[in-house]
Amino acid sequence: MRRVQEIAKAHAGIAWCLAWAPSGRMLASCGQDCALRIWAPASQQGPNDATTWSCVASLGGAETSILEDVRSRDEEQDFGDGARCVFARTLRSVQWHPDGNSLALACFDGSVVIVELRRNVVVNQQGRTVLRLHVVSELRGHDAEVKRVAYSRSGTLLATCSRDKSVWIWESALDLDYECVAVLSGHTADVKCLAWHPLRDRLLSGGYDGSMRAWQEDEDDGGDFGIVSLVAGVHATVWDLAYELPFVCLEDSGRDGDDPEHAMTTTSQTLRLASVGDEGALVIWECTEPDPLKLGAREPSWKSACMRAHAHARPIFSVDWSPAPNARIATGGGDDCIRIWRIDDGNNLEVEHEVLAAHRGEVNCVAWQPRIRDAAGDRASWSNGSSQEERQTEESHLLASCGDDGSIVLWEVAAT
(Lines of atoms letter the chains of each structure in order from A and count residues from 1; the text may use other names and numbers.)
(Lines give C-alpha, C1' and ligand atoms only; values in the text may rest on other atoms or scores of the structure.)
Protein backbone atom coordinates (compact mmCIF):
# COMPACT_ATOMS: atom_id res chain seq x y z
CA MET A 1 0.00 0.00 0.00
CA ARG A 2 1.78 3.09 -1.28
CA ARG A 3 1.18 6.74 -0.36
CA VAL A 4 0.87 8.33 -3.80
CA GLN A 5 0.16 11.89 -2.74
CA GLU A 6 -0.65 13.81 0.42
CA ILE A 7 -2.56 17.06 0.02
CA ALA A 8 -1.57 18.77 3.26
CA LYS A 9 -4.02 21.30 4.70
CA ALA A 10 -6.65 20.47 2.10
CA HIS A 11 -8.99 21.94 4.72
CA ALA A 12 -8.34 24.33 7.59
CA GLY A 13 -9.24 22.13 10.53
CA ILE A 14 -10.88 18.72 10.25
CA ALA A 15 -11.49 17.17 6.82
CA TRP A 16 -14.71 15.24 7.31
CA CYS A 17 -15.80 13.57 4.10
CA LEU A 18 -14.71 12.54 0.60
CA ALA A 19 -16.81 11.54 -2.40
CA TRP A 20 -15.63 10.42 -5.82
CA ALA A 21 -17.50 11.65 -8.88
CA PRO A 22 -19.23 8.76 -10.67
CA SER A 23 -16.65 8.99 -13.46
CA GLY A 24 -13.77 8.74 -10.98
CA ARG A 25 -12.17 11.82 -12.54
CA MET A 26 -12.87 14.21 -9.65
CA LEU A 27 -12.90 13.96 -5.87
CA ALA A 28 -15.05 16.17 -3.62
CA SER A 29 -14.14 17.01 -0.03
CA CYS A 30 -15.73 19.02 2.77
CA GLY A 31 -14.71 19.99 6.26
CA GLN A 32 -14.77 22.01 9.42
CA ASP A 33 -13.69 25.14 7.54
CA CYS A 34 -17.13 25.37 5.86
CA ALA A 35 -15.59 24.63 2.46
CA LEU A 36 -16.48 22.33 -0.42
CA ARG A 37 -13.53 21.55 -2.67
CA ILE A 38 -13.21 19.60 -5.93
CA TRP A 39 -9.91 17.91 -6.75
CA ALA A 40 -8.71 16.53 -10.09
CA PRO A 41 -5.42 15.44 -11.67
CA ALA A 42 -3.64 18.20 -13.55
CA SER A 43 -2.32 15.62 -16.01
CA GLN A 44 -3.63 12.34 -17.36
CA GLN A 45 -0.37 10.37 -17.28
CA GLY A 46 -2.31 7.43 -15.91
CA PRO A 47 -5.01 6.68 -13.37
CA ASN A 48 -2.54 5.87 -10.59
CA ASP A 49 -0.32 8.89 -11.27
CA ALA A 50 -2.01 11.00 -8.61
CA THR A 51 1.03 13.17 -7.85
CA THR A 52 -0.48 16.16 -9.62
CA TRP A 53 -3.97 16.20 -8.11
CA SER A 54 -4.98 19.76 -7.19
CA CYS A 55 -8.01 21.85 -6.30
CA VAL A 56 -9.99 22.83 -9.42
CA ALA A 57 -13.09 24.25 -7.71
CA SER A 58 -13.92 25.61 -4.28
CA LEU A 59 -16.97 27.04 -2.54
CA GLY A 60 -17.07 28.37 1.00
CA GLY A 61 -14.14 28.70 3.33
CA ALA A 62 -11.42 31.17 2.43
CA GLU A 63 -11.58 30.76 -1.37
CA THR A 64 -15.20 31.76 -1.95
CA SER A 65 -14.20 35.11 -3.46
CA ILE A 66 -12.83 33.44 -6.62
CA LEU A 67 -16.17 31.80 -7.44
CA GLU A 68 -19.76 32.74 -8.00
CA ASP A 69 -22.74 31.58 -5.99
CA VAL A 70 -26.43 32.46 -6.11
CA ARG A 71 -26.93 33.49 -2.50
CA SER A 72 -27.16 37.16 -1.66
CA ARG A 73 -24.34 38.80 0.28
CA ASP A 74 -26.75 39.29 3.18
CA GLU A 75 -26.71 35.52 3.66
CA GLU A 76 -22.93 35.24 3.62
CA GLN A 77 -20.68 35.45 6.65
CA ASP A 78 -17.30 37.11 6.89
CA PHE A 79 -14.50 34.52 6.92
CA GLY A 80 -11.59 36.89 7.50
CA ASP A 81 -9.06 38.51 5.15
CA GLY A 82 -11.84 39.91 2.99
CA ALA A 83 -13.16 36.49 1.98
CA ARG A 84 -16.82 35.57 2.30
CA CYS A 85 -18.27 32.24 3.45
CA VAL A 86 -21.55 30.91 2.00
CA PHE A 87 -21.90 28.18 4.62
CA ALA A 88 -22.66 29.11 8.20
CA ARG A 89 -21.21 26.03 9.88
CA THR A 90 -19.23 22.84 9.31
CA LEU A 91 -19.93 20.74 6.21
CA ARG A 92 -20.14 17.16 7.49
CA SER A 93 -20.94 15.07 4.39
CA VAL A 94 -20.89 15.36 0.61
CA GLN A 95 -22.15 13.11 -2.17
CA TRP A 96 -22.37 13.43 -5.93
CA HIS A 97 -25.61 13.02 -7.81
CA PRO A 98 -25.27 9.92 -10.02
CA ASP A 99 -25.24 12.12 -13.14
CA GLY A 100 -22.07 13.84 -11.89
CA ASN A 101 -23.44 17.36 -12.41
CA SER A 102 -24.36 18.33 -8.85
CA LEU A 103 -23.56 17.52 -5.23
CA ALA A 104 -25.48 17.42 -1.95
CA LEU A 105 -23.93 18.75 1.26
CA ALA A 106 -24.89 18.05 4.88
CA CYS A 107 -24.45 21.14 7.03
CA PHE A 108 -24.23 21.54 10.79
CA ASP A 109 -26.69 24.46 10.61
CA GLY A 110 -29.46 21.91 9.90
CA SER A 111 -29.62 22.53 6.16
CA VAL A 112 -28.88 20.42 3.11
CA VAL A 113 -27.36 22.39 0.24
CA ILE A 114 -27.44 21.37 -3.43
CA VAL A 115 -24.51 22.67 -5.46
CA GLU A 116 -24.34 22.54 -9.25
CA LEU A 117 -21.03 22.06 -11.03
CA ARG A 118 -20.92 24.19 -14.16
CA ARG A 119 -18.32 23.20 -16.66
CA ASN A 120 -17.56 26.58 -18.19
CA VAL A 121 -13.92 26.81 -17.19
CA VAL A 122 -12.41 30.03 -15.79
CA VAL A 123 -8.94 30.88 -14.51
CA ASN A 124 -8.40 32.55 -11.15
CA GLN A 125 -5.88 35.23 -10.26
CA GLN A 126 -3.22 32.67 -9.38
CA GLY A 127 -3.43 31.20 -12.88
CA ARG A 128 -5.07 27.95 -11.78
CA THR A 129 -7.96 26.52 -13.76
CA VAL A 130 -11.14 26.26 -11.71
CA LEU A 131 -14.74 25.27 -12.36
CA ARG A 132 -17.78 27.24 -11.27
CA LEU A 133 -19.88 25.97 -8.37
CA HIS A 134 -23.36 27.39 -7.80
CA VAL A 135 -25.70 26.87 -4.86
CA VAL A 136 -29.05 26.05 -6.47
CA SER A 137 -31.16 24.70 -3.59
CA GLU A 138 -31.25 24.78 0.19
CA LEU A 139 -33.36 22.11 1.88
CA ARG A 140 -34.66 22.90 5.36
CA GLY A 141 -36.48 20.63 7.77
CA HIS A 142 -34.04 19.04 10.20
CA ASP A 143 -33.94 20.54 13.70
CA ALA A 144 -30.24 19.87 14.32
CA GLU A 145 -26.96 19.11 12.57
CA VAL A 146 -27.28 17.06 9.39
CA LYS A 147 -24.81 14.18 9.55
CA ARG A 148 -25.07 12.40 6.19
CA VAL A 149 -26.51 12.71 2.69
CA ALA A 150 -27.00 9.80 0.27
CA TYR A 151 -28.47 9.52 -3.23
CA SER A 152 -30.34 6.47 -4.43
CA ARG A 153 -28.86 4.69 -7.42
CA SER A 154 -31.19 6.44 -9.86
CA GLY A 155 -30.62 9.84 -8.26
CA THR A 156 -34.35 10.50 -7.94
CA LEU A 157 -34.24 10.17 -4.15
CA LEU A 158 -31.96 11.90 -1.66
CA ALA A 159 -31.81 10.71 1.94
CA THR A 160 -30.58 12.90 4.81
CA CYS A 161 -30.14 12.12 8.50
CA SER A 162 -29.55 14.23 11.55
CA ARG A 163 -28.82 14.59 15.21
CA ASP A 164 -32.58 15.19 15.56
CA LYS A 165 -33.01 11.36 15.28
CA SER A 166 -34.87 11.55 11.96
CA VAL A 167 -34.27 10.46 8.38
CA TRP A 168 -35.75 12.55 5.58
CA ILE A 169 -36.26 11.43 1.99
CA TRP A 170 -36.41 14.05 -0.74
CA GLU A 171 -37.50 13.56 -4.34
CA SER A 172 -35.54 15.46 -6.96
CA ALA A 173 -36.68 16.87 -10.28
CA LEU A 174 -34.73 17.68 -13.43
CA ASP A 175 -34.46 21.35 -12.44
CA LEU A 176 -32.73 20.43 -9.14
CA ASP A 177 -35.90 21.23 -7.22
CA TYR A 178 -36.43 18.94 -4.22
CA GLU A 179 -39.57 17.97 -2.31
CA CYS A 180 -39.71 16.04 0.96
CA VAL A 181 -41.68 12.81 0.46
CA ALA A 182 -41.03 11.09 3.80
CA VAL A 183 -39.88 11.78 7.35
CA LEU A 184 -38.80 8.54 9.01
CA SER A 185 -38.68 8.20 12.78
CA GLY A 186 -37.66 5.26 14.91
CA HIS A 187 -34.07 5.89 15.90
CA THR A 188 -33.77 6.94 19.54
CA ALA A 189 -30.56 8.95 19.13
CA ASP A 190 -28.39 10.62 16.47
CA VAL A 191 -28.60 9.01 13.04
CA LYS A 192 -25.00 8.77 11.85
CA CYS A 193 -25.02 7.01 8.49
CA LEU A 194 -27.06 6.05 5.43
CA ALA A 195 -26.67 3.54 2.61
CA TRP A 196 -29.00 2.91 -0.32
CA HIS A 197 -29.32 -0.61 -1.66
CA PRO A 198 -27.34 -0.65 -4.95
CA LEU A 199 -30.21 -2.18 -6.93
CA ARG A 200 -33.41 -1.18 -5.10
CA ASP A 201 -34.92 1.94 -3.55
CA ARG A 202 -34.34 0.58 -0.07
CA LEU A 203 -32.53 2.73 2.48
CA LEU A 204 -30.45 1.55 5.41
CA SER A 205 -29.76 3.87 8.35
CA GLY A 206 -27.58 3.46 11.43
CA GLY A 207 -26.85 5.54 14.46
CA TYR A 208 -25.97 6.26 18.03
CA ASP A 209 -28.67 3.90 19.31
CA GLY A 210 -26.74 0.96 17.86
CA SER A 211 -29.48 -0.07 15.43
CA MET A 212 -29.56 -0.56 11.67
CA ARG A 213 -32.96 0.05 10.09
CA ALA A 214 -34.04 -0.75 6.53
CA TRP A 215 -36.74 1.47 5.02
CA GLN A 216 -38.71 0.85 1.85
CA GLU A 217 -41.70 2.24 0.02
CA ASP A 218 -44.86 0.22 0.66
CA GLU A 219 -47.04 0.17 -2.45
CA ASP A 220 -49.88 -1.36 -0.42
CA ASP A 221 -49.83 1.56 2.01
CA GLY A 222 -50.16 4.47 -0.39
CA GLY A 223 -46.51 4.47 -1.35
CA ASP A 224 -45.32 5.58 2.09
CA PHE A 225 -41.88 4.57 3.32
CA GLY A 226 -41.88 2.19 6.26
CA ILE A 227 -39.41 0.04 8.15
CA VAL A 228 -38.94 -3.46 6.73
CA SER A 229 -36.18 -4.78 8.98
CA LEU A 230 -34.31 -3.91 12.16
CA VAL A 231 -30.95 -5.18 13.41
CA ALA A 232 -29.63 -4.12 16.82
CA GLY A 233 -27.25 -5.18 19.55
CA VAL A 234 -24.07 -5.65 17.52
CA HIS A 235 -22.57 -2.13 17.63
CA ALA A 236 -22.80 0.41 20.46
CA THR A 237 -22.90 3.08 17.76
CA VAL A 238 -23.18 2.37 14.04
CA TRP A 239 -20.75 4.81 12.44
CA ASP A 240 -20.84 3.71 8.82
CA LEU A 241 -22.39 1.23 6.38
CA ALA A 242 -21.29 0.10 2.91
CA TYR A 243 -22.82 -2.35 0.46
CA GLU A 244 -20.71 -4.54 -1.77
CA LEU A 245 -21.54 -3.49 -5.32
CA PRO A 246 -22.62 -6.40 -7.54
CA PHE A 247 -20.56 -6.34 -10.72
CA VAL A 248 -23.66 -6.42 -12.93
CA CYS A 249 -24.61 -3.07 -11.43
CA LEU A 250 -21.33 -1.51 -12.59
CA GLU A 251 -21.45 -3.11 -16.02
CA ASP A 252 -24.97 -1.91 -16.80
CA SER A 253 -24.81 1.50 -15.12
CA GLY A 254 -24.31 3.47 -18.32
CA ARG A 255 -26.97 1.82 -20.45
CA ASP A 256 -30.14 3.59 -21.40
CA GLY A 257 -33.25 2.17 -19.83
CA ASP A 258 -31.28 0.43 -17.11
CA ASP A 259 -33.74 -1.43 -14.92
CA PRO A 260 -32.63 -2.15 -11.34
CA GLU A 261 -35.26 -4.84 -10.89
CA HIS A 262 -34.07 -6.62 -14.04
CA ALA A 263 -30.46 -6.26 -12.89
CA MET A 264 -31.33 -7.99 -9.64
CA THR A 265 -32.60 -11.02 -11.54
CA THR A 266 -29.24 -11.34 -13.30
CA THR A 267 -27.21 -11.60 -10.09
CA SER A 268 -27.47 -13.23 -6.68
CA GLN A 269 -30.43 -12.49 -4.45
CA THR A 270 -27.93 -12.08 -1.61
CA LEU A 271 -25.76 -8.98 -1.19
CA ARG A 272 -23.11 -8.33 1.43
CA LEU A 273 -22.98 -5.29 3.68
CA ALA A 274 -20.20 -4.02 5.93
CA SER A 275 -20.94 -2.18 9.17
CA VAL A 276 -18.51 -0.56 11.62
CA GLY A 277 -18.97 0.72 15.12
CA ASP A 278 -17.83 2.54 18.19
CA GLU A 279 -16.20 -0.52 19.75
CA GLY A 280 -13.86 -1.04 16.78
CA ALA A 281 -15.74 -3.97 15.26
CA LEU A 282 -16.13 -4.75 11.56
CA VAL A 283 -19.13 -6.94 10.69
CA ILE A 284 -20.01 -8.44 7.30
CA TRP A 285 -23.71 -9.15 6.77
CA GLU A 286 -25.49 -11.19 4.14
CA CYS A 287 -28.78 -9.62 3.10
CA THR A 288 -31.11 -12.01 1.27
CA GLU A 289 -34.13 -10.78 -0.63
CA PRO A 290 -37.58 -12.22 0.18
CA ASP A 291 -38.87 -15.04 -1.97
CA PRO A 292 -40.71 -13.36 -4.89
CA LEU A 293 -43.05 -16.36 -5.08
CA LYS A 294 -44.15 -15.87 -1.48
CA LEU A 295 -47.26 -13.69 -1.39
CA GLY A 296 -46.76 -10.49 0.59
CA ALA A 297 -43.09 -11.14 1.31
CA ARG A 298 -41.15 -7.87 1.45
CA GLU A 299 -38.76 -8.16 4.39
CA PRO A 300 -35.12 -9.01 3.60
CA SER A 301 -33.34 -11.35 5.98
CA TRP A 302 -30.03 -10.46 7.62
CA LYS A 303 -27.30 -12.85 8.73
CA SER A 304 -23.91 -12.05 10.22
CA ALA A 305 -21.47 -13.81 7.88
CA CYS A 306 -18.22 -12.89 9.63
CA MET A 307 -16.92 -10.43 12.18
CA ARG A 308 -13.64 -8.99 13.47
CA ALA A 309 -14.42 -7.78 17.00
CA HIS A 310 -11.26 -5.67 17.36
CA ALA A 311 -10.57 -4.62 13.80
CA HIS A 312 -9.30 -1.29 15.17
CA ALA A 313 -8.18 -0.25 18.64
CA ARG A 314 -10.62 2.67 18.67
CA PRO A 315 -13.94 3.48 16.93
CA ILE A 316 -14.11 2.82 13.20
CA PHE A 317 -15.60 5.87 11.52
CA SER A 318 -15.57 4.85 7.87
CA VAL A 319 -15.88 1.73 5.73
CA ASP A 320 -15.96 1.32 1.96
CA TRP A 321 -16.10 -1.68 -0.35
CA SER A 322 -13.91 -1.55 -3.45
CA PRO A 323 -15.61 -2.14 -6.81
CA ALA A 324 -16.14 -5.73 -7.93
CA PRO A 325 -14.70 -8.11 -8.91
CA ASN A 326 -12.23 -9.15 -6.20
CA ALA A 327 -13.70 -6.59 -3.83
CA ARG A 328 -11.84 -5.56 -0.72
CA ILE A 329 -12.90 -3.54 2.30
CA ALA A 330 -11.18 -0.39 3.57
CA THR A 331 -11.65 0.88 7.13
CA GLY A 332 -10.40 4.00 8.87
CA GLY A 333 -10.81 5.02 12.48
CA GLY A 334 -9.94 6.89 15.62
CA ASP A 335 -6.65 5.02 16.03
CA ASP A 336 -5.16 6.80 12.98
CA CYS A 337 -5.08 3.50 11.11
CA ILE A 338 -6.28 2.45 7.67
CA ARG A 339 -6.71 -1.25 7.05
CA ILE A 340 -7.55 -3.18 3.91
CA TRP A 341 -9.45 -6.42 4.46
CA ARG A 342 -10.29 -9.43 2.35
CA ILE A 343 -12.66 -12.29 3.07
CA ASP A 344 -10.87 -15.61 2.64
CA ASP A 345 -12.33 -18.90 1.47
CA GLY A 346 -13.21 -19.80 5.04
CA ASN A 347 -15.30 -16.64 5.40
CA ASN A 348 -12.75 -15.01 7.71
CA LEU A 349 -11.71 -11.36 7.64
CA GLU A 350 -7.97 -11.05 7.04
CA VAL A 351 -5.82 -7.91 6.95
CA GLU A 352 -4.28 -7.47 3.50
CA HIS A 353 -2.63 -4.06 4.04
CA GLU A 354 -2.44 -1.55 6.87
CA VAL A 355 -1.07 1.91 7.58
CA LEU A 356 -0.58 2.58 11.28
CA ALA A 357 -0.04 6.36 11.12
CA ALA A 358 -2.17 7.59 8.26
CA HIS A 359 -3.27 11.10 9.29
CA ARG A 360 -1.60 12.21 12.54
CA GLY A 361 -5.05 11.96 14.11
CA GLU A 362 -8.41 10.32 13.53
CA VAL A 363 -9.21 9.00 10.05
CA ASN A 364 -12.70 10.22 9.18
CA CYS A 365 -13.31 8.86 5.69
CA VAL A 366 -11.96 6.25 3.28
CA ALA A 367 -13.27 6.05 -0.28
CA TRP A 368 -12.33 3.81 -3.22
CA GLN A 369 -12.16 5.31 -6.69
CA PRO A 370 -14.98 3.96 -8.90
CA ARG A 371 -14.16 1.49 -11.64
CA ILE A 372 -16.06 0.44 -14.76
CA ARG A 373 -15.80 -2.36 -17.28
CA ASP A 374 -14.03 -1.65 -20.52
CA ALA A 375 -15.66 -2.01 -23.93
CA ALA A 376 -14.43 -5.57 -24.31
CA GLY A 377 -16.32 -6.51 -21.16
CA ASP A 378 -13.62 -8.92 -20.01
CA ARG A 379 -11.68 -6.79 -17.56
CA ALA A 380 -12.11 -3.74 -15.38
CA SER A 381 -10.53 -0.36 -16.07
CA TRP A 382 -9.93 2.80 -14.14
CA SER A 383 -12.44 5.42 -15.07
CA ASN A 384 -10.18 8.47 -15.33
CA GLY A 385 -9.09 7.81 -18.87
CA SER A 386 -9.47 5.69 -21.94
CA SER A 387 -5.96 5.49 -23.42
CA GLN A 388 -4.28 2.11 -23.65
CA GLU A 389 -1.73 2.96 -20.95
CA GLU A 390 -4.57 3.73 -18.55
CA ARG A 391 -6.12 0.29 -18.91
CA GLN A 392 -5.45 -1.49 -15.67
CA THR A 393 -5.80 -5.06 -14.52
CA GLU A 394 -6.71 -6.16 -11.04
CA GLU A 395 -3.21 -5.28 -9.79
CA SER A 396 -4.10 -2.12 -7.85
CA HIS A 397 -6.87 0.20 -6.72
CA LEU A 398 -6.81 3.88 -5.76
CA LEU A 399 -8.07 4.81 -2.29
CA ALA A 400 -8.59 8.30 -0.86
CA SER A 401 -8.66 9.17 2.83
CA CYS A 402 -9.05 12.28 4.98
CA GLY A 403 -8.70 13.03 8.66
CA ASP A 404 -8.54 15.38 11.60
CA ASP A 405 -5.25 16.81 10.32
CA GLY A 406 -7.14 18.40 7.40
CA SER A 407 -5.21 16.45 4.80
CA ILE A 408 -6.30 14.22 1.94
CA VAL A 409 -4.13 11.23 1.06
CA LEU A 410 -4.27 9.14 -2.11
CA TRP A 411 -3.12 5.54 -1.77
CA GLU A 412 -2.27 2.91 -4.35
CA VAL A 413 -3.41 -0.42 -2.95
CA ALA A 414 -1.82 -3.42 -4.61
CA ALA A 415 -3.54 -6.78 -4.72
CA THR A 416 -1.77 -9.58 -2.89
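Note: Cβ is positioned from N, Cα and C throughout, glycine not excepted.
These features come from TrEMBL:
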- 8-39: repeat 'WD' (REPEAT)
- 139-171: repeat 'WD' (REPEAT)
- 184-216: repeat 'WD' (REPEAT)
- 309-351: repeat 'WD' (REPEAT)
- 377-396: region 'Disordered' (REGION)
- 393-416: repeat 'WD' (REPEAT)
Counted with DSSP (H/G/I as helix, E/B as strand, rest coil), the repeat 'WD' (184-216) has 0 helix, 18 strand, 15 coil
What same-chain residues lie close to the repeat 'WD' (139-171): Cβ under 8 Å, and 6 or more beyond its ends? 89-90, 92-99, 104-114, 178-185, 187-199, 201, 203, 205, 207, 215, 225, 249, 260
Same-chain residues at least 6 beyond the ends of the repeat 'WD' (184-216) with CB under 8 Å of its CB atoms are 147-154, 157, 159-163, 165-169, 225-243, 245-246, 249, 260-261, 263-264, 267, 271, 273, 275, 277, 298, 300
For the repeat 'WD' (393-416), the DSSP helix/strand/coil residue counts are 0 helix, 15 strand, 9 coil
DSSP-assigned states of the repeat 'WD' (8-39) in counts, ordered helix, strand, coil: 0 helix, 16 strand, 16 coil
